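A quick write-up on the structure given underneath.
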Amino acid sequence: MSDIISIKDIDLAKKKIFIRCDFNVPQDDFLNITDDRRIRSAIPTIRYCLDNGCSVILASHLGRPKEISSKYSLEPVSKRLARLLDKEIIMAKDIIGEDAKTKAMNLKAGEILLLENLRFEKGETKNDENLAKELASMVQVYINDAFGVCHRAHSSVEAITKFFDEKHKGAGFLLQKEIDFASNLIKHPARPFVAVVGGSKVSGKLQALTNLLPKVDKLIIGGGMAFTFLKALGYDIGNSLLEEELLEEANKILTKGKNLGVKIYLPVDVVAAPACSQDAPMKFVPVQEIPNGWMGLDIGPASVRLFKEVISDAQTIWWNGPMGVFEIDKFSKGSIKMSHYISEGHATSVVGGGDTADVVARAGDADEMTFISTGGGASLELIEGKELPGVKALRSKENE
């Protein structure tokens, strides 16, 4: 993937730099940041620019605001970043308004300006070129370090790159690391290569499953999506999550796996309950015996032992999607145990963003994993073999 223009290929000295970051961090009801991994991941690129005598303008989105509201302000991000960098962060009140433009114009070498939430501008998600042009006009160099949004053709990710030539745009360190990791994983995995796929829906992972099959040695399917596969095999799954319209696709994946010699593992028992709540009664049952009206909400202890055995000889593990409804304590055990087993082994372990990263953080295993992707959707699309708009825009034309 070395045909992507890197920040290291660009002469940054004393220039004004725009860095598109991904500061889309989780917050509690009081807007306190509960996990600042994404902010910390951006620091190497920011420091590199400062070390080159640059002035730096940072931009990100946060959540999906319908209108401008303090709930989605990047103010808490600027405070956390200031603490992590031990440096003042100048906060703009807007994005391309008078406040941002004046502060951008007066920005001196070594100073950092953070623009307000990009999605307060309606044009951002529409890939609006006028917004992109306004943003581009503030700086001399554009750096994308926001892997988590590279699968979206948005104004600050794709349209903006049209206003910079190859000597003035490139990928930051985090973005490069993410892309290199994903492409090596797909092209040269150490074997046995095991994919552990979970989460609630088959529909979201269908393309990734299809693309992974020819590349993996074993495939573990857990989480809510496992029930569509179990149903396809003729099991009675009670009230468990089912995507009826995908039964045929599930069957195709199982057949394709068989033909390719891939060993596919599904849960053999589940934690069943009549309702998805902390107070509901629960019991462990084999998948053949899910009671009528009950639903499977986590993998059971026998499945945990089986999956542990399956990954015991793995050299590479790619994990995307929890094994159950991990947000509810009593249905989180399967996911937490999987996290422990994956992190304890000697395999190269790659965790695909989003919910899975939250599970790993909750299990206290983050430091033991080889690599935790900062982008759920983007990491899935790379595994699906798709070209991400934000990455394509940074390719060197000579190599096309």
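Residue numbering: from 1, along the chain as shown.
Cβ from N, Cα, C; glycine included.
Database features, via Swiss-Prot:
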type	residues	note
BINDING	ASP22, PHE23, ASN24, ARG38, HIS61, LEU62, GLY63, ARG64, ARG119, ARG152	substrate binding site
BINDING	LYS205, GLY296, GLU327, GLY353, GLY354, ASP355, THR356	ATP binding site
Looking only at C-alpha atoms, tell me how far GLY354 (ATP binding site) is from ASN24 (substrate binding site), rounded to the nearest Å. 11
Provide the number of Cβ atoms within 10 Å of the Cβ of GLU327 (ATP binding site), excluding the reference atom itself. 15
When the number of other CB atoms within 10 A of each residue's CB is tallied over all shown chains, which of the binding-site residues ASP22, ASP355 has the maximum? ASP22
Cα distance, GLU327 (ATP binding site) to ASN24 (substrate binding site), nearest Å? 19
For GLY296 (ATP binding site), what residues in its own chain, 6 or more apart in sequence, show a Cβ-Cβ distance under 8 Å? ALA226, PHE227, ILE237, GLY238, SER240, PRO267, VAL270, VAL271, ALA272, VAL287, ILE290
Based on DSSP, name the secondary structure state of GLY296 (ATP binding site): helix, strand or coil. strand
Report the largest Cα to Cα distance, in Å and rounded to a whole number, among the residues ASP22, PHE23, ASN24, ARG38, HIS61, LEU62, GLY63, ARG64, ARG119, ARG152 that the record lists as binding substrate. 18
